[in-house]
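Novice: Pasting a structure below so you can have a look.
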């Protein structure tokens, strides 16, 4: 019966409203998390579990789309490992299902429907009759959706023990906030208890939400507490007006008790009630959903050499393809974050870094580069998954049949394909199963390939009539060129787009360094079937046409398979795929035979195995170790002087020890990830690092969110990076008070105990750091940091260009350069 808490009460059906979908575009102030007791002055914390049980749904309902899963489905596995440290990030899945399937790495995803995020508001008042069984009055009951009346409903009176506690209590002035789960149900009850003039008729504001949102309740407590405070002030206002009316009519005395049950708040105050419900439905609940559904970036430890290699490779590719040797966009942006925003974004919760771009791939690559410079980084150990060695006879026979690959160079291997094997490749990519059947490629009907040596060179037409025997189980993703390399009829079009088809490109294809790009080679995702539709950009972009079909689409028509949507030309312009013979486009080597792995590019992070969900990292091992050290401590664990006081009949033995906790341990992130995320379809105020589409709408959302942040702070700051116009702006917004109508000027005007009003004005300051290829006026410290970043990148380039250097020496030098960048401000 308790499992039906979200069902509406029959007596309140007259005030029911139809279900409304939450609006992700709503923004809520992003402030520190705390739980407070209203009058006792104590502080309470609410700890969420790593994953919790989802709401059980008896029958399927209308599906409610989420923000993250569609985006993650179209991000390559390599980029997932860069951003999140894992290929699989579970969304809203029951913890029992995860445990039964071997932890967090399962491939099943539980659907999210509108009932999962339903909520219920309960306002209950004590009647002041402690000896009476019916000591509670139902003041207000609201739920988001209409549920069938045939289902069992739970009455607010049945929740009195959860809301008010034991009916036998002492007469005190207890006012507090409580968070607890309802037994035998998937619901969380958040309650604030207070009283107006008499302690015998306490009032409770209760919010029931799905238990699936429990892990983010503590982190989003400021938004929930703000809504509870707003509702409490509203109810106190109702009681105050009623008391004034009784005083005017002569019906009020000192012993009179003002009760909400004597006021029909739905009839007399419909506007205030509507504001209360809409604030919860369009601000608080969407905020909880955003924190629960949108995955956060994982910041690798600075001593993890595999990550450092990939990070430098990403910087080299960006400079070669995007910036060129003279632009200096990326070094300046990195210096701005190192010298300023790295500390600001951690100390000032209202500061943000937003990348504006119409290309999700480019924005995510830049997010990966910038996030490595931010704190707090993960300090724990990273598990490296061992590669499975296939020693069965089938694998041996497959290796023997593929010996002809050894004598082929990589550039030639990237031009060999088979249209007859495309169907088998598609099936094997979805199943990841290997078989022993070998199929010879057929040269009849094979499409033409183009060899492209440099971005400014017209592709040379070349036929691929060579036949080669390959296993049908092999992934041929490495031979599928992106849509940018198409038929020779439009080669001149690609020549112009390669040179400068995007405003501000500044000939980024010139002066390339092939040795660096060959040192690391990217690995696109093997996902197919579903296609990601690129967001429409605003006016001003050049219109591009792609009339000719890509190789994958042409071969798909021959094999009667559903083609995958090819990347758009604008994506190639902003960040070209590394698919030329100089740096072949190789698929995920984890699905290739062992012999092919030896000649293919091995992504350094491909074996990273991190158990996590959208918000947290699994720390079960550390928790078990800490629990054992607490239960069975050793003298070495104490690490300080201690004293044992023997117990007696009243208490047990007591051990006292000096508590000397250093800053490194206090700042060590163990579970919760920082509020840094990926490219989103809309700007989200809850995250401090993100990317969103470029345009006036996004900039308007950012400005509005900064104004909302000023409700809880006097200063907010945002770094806006526009990849379309190559623009870096530092926008600051502060609130200055011009008058004071209250003697206490140090008190926050939005504090719940402060009723005074103060006039203030908003002042905005915009500083252009980089605009239209020109560097703005920089401070001396920022100029020094820019020079340091440029010299560090040059040193890293020379390090990776030196093929004769020992691998261990390269690792140590790369770690040293990266550490100097991360700790630049501390060292300086």
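Any Cβ shown, glycine's included, is placed from N, Cα and C.
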Novice: Run through 253, 401, 559 and tell me the one Swiss-Prot describes as phosphoserine.
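Specialist: Annotated as phosphoserine in Swiss-Prot: 401.
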Novice: If you look at how Swiss-Prot annotates this chain, which of 372-391, 392-411, 452-471 comes out as region 'Disordered'?
Specialist: 392-411
Novice: Could you check which of 506-537, 538-569, 570-601 is flagged in Swiss-Prot as region 'Disordered'?
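Specialist: Among 506-537, 538-569, 570-601, the range Swiss-Prot annotates as region 'Disordered' is 538-569.
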Novice: Per DSSP, what is the residue count of the domain 'dDENN FNIP1/2-type' (718-825) in each of helix, strand and coil?
Specialist: 40 helix, 30 strand, 38 coil
